[in-house]
Amino acid sequence: MQFVVLVALSTLFCAATALGELVPRLVPRSQPFTLPIHSSHSLQRRDVIGANGQQGKGWSSVSASKDRLSHYTIVQFGEIHLRVALDTASSDLWVVSTGCRSPQCAQVPRYPLAYKSPTFLPVNDNATTFTARYADGSTASGYVAKETIKIANLTIPEETFGLVTSSNVTFTDQVSGIFGLGFPRISSILKATNSTPFFTTLAYKGLLDYPLFALSLTKNLTGSLTIGKFSPFTTFRQISWNRVATFPPFVNAVNETTATYLQWAIPLPSFSINGTSLTPNPTYPDIGGGRSLALIDVGASGITGPVQDVSRIFSQIEGARIVDTDAGQWVVPCDTIVPMTFTFGTTTYTLLPEDYIIGPAAGNPNLCLSWPRASPPSTDGIDWQLGAPFLNTVYSIFSFGINTKEPPMIGFYPLRNATEVANLVQNQTPQSLSSYLSSVSATVATTLPNVILATPTYTTPPYTLNSTITAAVGAVVSTGLATSTYSTIFGTLTPYNTTALPSITPEPSVVTSVITDPAGQVTTSVFTKTDSNVSLGLPPGWTNAGVGLRGSLTDVFSWPVSVLLLCTLLVSWTDVFL
């Protein structure tokens, strides 16, 4: 009798335990919990952990989306892998969660709230809200949480991020969120929780070999992101460095009396088209010393500028005309061979037609849509925004700056030297450009208007910053940058001691990545280097809502499955002996 009772109790225990593990436990979690023994990080540990146990540097592959509108990398949230789009014009890291019911969330992998991530920590019972707003009018909102986050082989336990529950941001290529690399002043999460964004945390705490990140974006849709170091080149002298501009406090700011860093924006002294050099006309000529500022933005798919400058550019290209006043869109003849340049500091960077042309209009195949587009004035005084078409021609290095010691800097290493550019300009032909556009399938599905449109006009809005406070370029500030424990490299004297910058050499291998999305669809991509094959949005061995288990054999036989197998064996054993 005792044996029968023991077996019966064991069976009930098995069934209850299995059901308890298989039924998803939803967040928010208001009760504290303990990490299991097998976890690799302690919640009390606040340092950064690098690849192979090293600290201070990391490397991650970057890919361009198929529509060429964004560049993304893979971020690990606990055991969950998700793709995030890189953005130097914002600061927060956020991903959509399974709590998001917006149509834009339905088709992408999401952070699974039903999964009991052992490294997840709620913030204020998930009641601390945040909202990210972007220049195109899109928004994402949700709440702030903490998780062990790994990017580019660098790991921070208990790092704050946004879990989005409502969004109208449209992504492709299974991208699930945005990784902001901007200054903390524009962080929504910082305002809500006084917690710093991922890169800022690394810089504030002195956890990097040097407080910088670097981007390599190639036109074949591959690239890399390095944090803490950058890829070495033959000579450091080929990198041109530009001091970043400070911005005054906002007009309605309280207790702010000095200018600090807001965006990765640098002065643009000149640009040229077809050999004609032009001086920018800033939107606010009486502010900031009359300089025109350009935002270097990996999150932008193109180039935009003020209408007074963009219209002058296209007036120098024969056959160019505006075709969309709302979008500020011009077209040029598809056989143009006119080069376009932007000058930063004393260095000029050349864009060939294959760099700035978007593609032929399907209904007018002899006319090609082109960058730059004209944009309405920005109230912060940033006139230009240079995204992928420019960044594809340079290797870019963003040095965060050091409190009381050194300003933020942006370095450009041209991927084509002056001799190569001269040869390409000389040998450019309409046939070579046509061949290139055909090879990248750049045709735009549109038919152009057959009437002459007027150049758009915009009303200049009030300047939203305090114009009575001086904002210099390259000012050394006391707060908001990396900890002063770093030794300075960019001092007040030139040339800079850039040979002291730490470098990292990634593996030069080309590998294939196989990604499985939550719907079971498998996609294959080729990268210069990539993370291990992962299932987006799914922890190893976890299943939910009918999504099948994926992973190794040991993943499949996880704890709840093992309990059910044990129950089955006990029941069978009971049948045999009873």
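Quick reminder: no glycine exception, Cβ is built from N, Cα and C everywhere.
The disulfide partner of CYS105, as annotated in TrEMBL and taken from the candidates CYS14, CYS100, is CYS100.
ASP297 (active site) is surrounded by 29 other CB atoms, counting those within 10 A of its CB over all protein chains shown. Note: the CA-CA distance between ASP87 (active site) and CYS100 (disulfide bond) rounds to 22 Å.
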